[in-house]
């Protein structure tokens with residue numbers, strides 16, 4: 001649904017993004033992840049047709065971003081980093097205006113506004129001036145604006161920035177509800193957001209692609225084995241030997257006060273491990289997945305400079 | 001076309017929900033009313049004196065004595081006030097980040113420019129129509145010639161349209177409204193001054209400078225003469241302003 005090939009953008013001598021190639025499948029929610037000034041906003045601006053690329057190709061919904069710009073713009077809903085609002089308009093008249101410039105037919109304009117208000121939960125403020133509504137509602141109005149013409153692709157640049165935790169949760173739920181019907185790409189540098197909302201990520205740093213794929217794929221590519229860390233009431237050689245007898249287990253080792261158990265991807269020995277602990281009356285204090293969490297993954301990819 | 005009208009409507013909402021349009025229109029009406037009143041008062045005293053001499057009495061002409069100077073005064077007031085009307089058109093979009101919404105919607109840059117320009121022309125039209133109301137009474141109590149009167153207002157509109165096109169160009173270059181207004185004002189003054197320079201110039205230079213000056217082309221219209229070259233001048237000036245605006249916007253995105 002979104003595809004780029006060797007996409008490069010230079011501002012004079014400054015290279016904003018370099019040879020970026022990635023792919024987002026239809027109906028998925030994809031995160032564009034990277035530190036500040038990594039080129040996230042530039043990438044999104046090229047995809048939405050706001051900026052032309054210096055070289056390379058990009059296509060959205062099957063249309064070429066450069067050659068079929070109008071068709072691309074018609075199939076994208078875009079929330080830029082600064083929410084594009086006219087403070088002197090009411091929420092309703094603003095959404096009406098956006099519907100008009102997004103070429104929603106006049107007969108369906110009212111329905112489109114009602115639908116966007118409904119989805120974004122703006123019923124209580126729809127008649128109010130945008131200048132008088134809260135930050136959270138402004139952000140929602142921005143999202144409503146991006147959805148007004150029911151676009152196939154939705155691009156959101158840092159949709160939860162500057163919101164309080166309750167608002168962040170609401171916006172995330174809203175984004176999750178778009179899954180399936182829309183293809184969503186959102187940029188962020190909040191890792192928890194990716195874990196909660198996204199199916200996959202594109203990680204960029206200093207304009208270069210560091211990794212891309214679903215979260216699971218990425219986790220697999222960075223460690224050979226799946227497994228768990230186990231914290232028991234006791235951790236000694238005797239216990240380790242017990243675990244080593246489990247069929248399929250590749251490794252059992254002591255890691256500080258924790259026991260690390262590894263097995264190949266595709267198997268899952270968690271049930272067996274639990275059963276063993278119960279049989280032997282070993283008290284489990286904690287058990288967590290060995291698979292790298294997104295924070296570790298991100299730090300390794302971005303700081304380690306591991307290119308794929 | 002409907003996209004142009006959508007943009008215009010939005011601009012007009014902005015004009016008339018902020019104080020700018022009201023203040024500009026009110027001050028314009030006030031000043032034009034003052035000039036009109038003092039010109040009529042001066043015309044009355046002149047006419048009384050001239051009435052004593054049958055030869056001079058034939059020279060009394062309300063078009064020449066009231067409307068021609070009124071139109072000249074109004075043209076200068078337009079020069080002072082229209083930069084305030086045009087200054088926000090693109091500058092504000094850029095500052096608020098709403099530019100990104102406009103340029104990522106399936107509306108062409110030309111449609112956006114035309115929409116904004118149309119809205120500014122509506123404000124100009126409102127200024128002229130409302131300020132013309134008191135002058136209608138001269139038709140009730142006297143008999144001015146309608147053609148020079150109407151051509152004078154047409155001239156003012158064309159002049160204002162050219163000013164606004166130039167202002168639109170400057171507002172596309174900066175996100176600061178004050179800078180946009182000052183640059184517009186400065187450029188307009190420069191064109192005004194050109195006609196003074198034309199007095200001291202000779203030969204071809206004089207023709208060129210005269211041709212470029214805004215007000216040379218305005219003179220004929222206040223006298224009731226419609227010269228196509230004057231029309232062409234204003235329309236091409238406005239077109240050139242819009243063309244430059246388009247180039248600036250495209251250039252800023254493509255560099």
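Residue 1 is the first one shown; counting continues down the chain.
Placement of Cβ uses the backbone N, Cα and C atoms for every residue, glycine included.
Automatic prediction, not curation, is the source of TrEMBL annotations.
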Task: Among B:62-85, B:86-109, indicate the range for which TrEMBL gives the feature transmembrane segment.
output: B:62-85
Message: At a C-beta cut-off of under 8 Å, are there same-chain residues at least 6 beyond the transmembrane segment (B:62-85) that contact it? List them, or none.
response: 15, 20-21, 24, 27-28, 31-32, 35-36, 39-40, 42-43, 46, 120, 123-124, 127, 131, 135, 138, 142, 144-145, 148-149, 152-153, 155-156, 159-160, 163-164, 167, 180-182, 184-185, 188-189, 192, 214-215, 218, 221-224
Task: Please give the sequence-distant neighbours of the transmembrane segment (B:149-171): residues at least 6 beyond its ends with Cβ less than 8 Å from one of its Cβ atoms.
output: 63, 67-68, 70-71, 74-75, 78-79, 82-83, 85-91, 113, 116-117, 120-121, 124-125, 127-128, 132, 135, 177, 180-181, 183-184, 187-188, 214, 217-218, 221-222, 224-226, 230-231, 234-235, 237-242, 244-245, 248
Field: For the transmembrane segment (B:117-137), distant same-chain residues with Cβ under 8 A (at least six beyond the ends)
entry: 4-5, 7-9, 11-12, 15, 21, 24-25, 28-29, 32-33, 36-37, 67, 70, 74, 78, 81-82, 85-86, 89, 149, 153, 156-157, 160-161, 164-165, 167-168, 242
Field: Remote residues contacting the transmembrane segment (B:20-42) - C-beta distance under 8 A, at least 6 residues beyond either end
entry: 65-66, 69-70, 73-74, 77-78, 81, 84-85, 88, 123, 126-127, 130-131, 134-135, 138
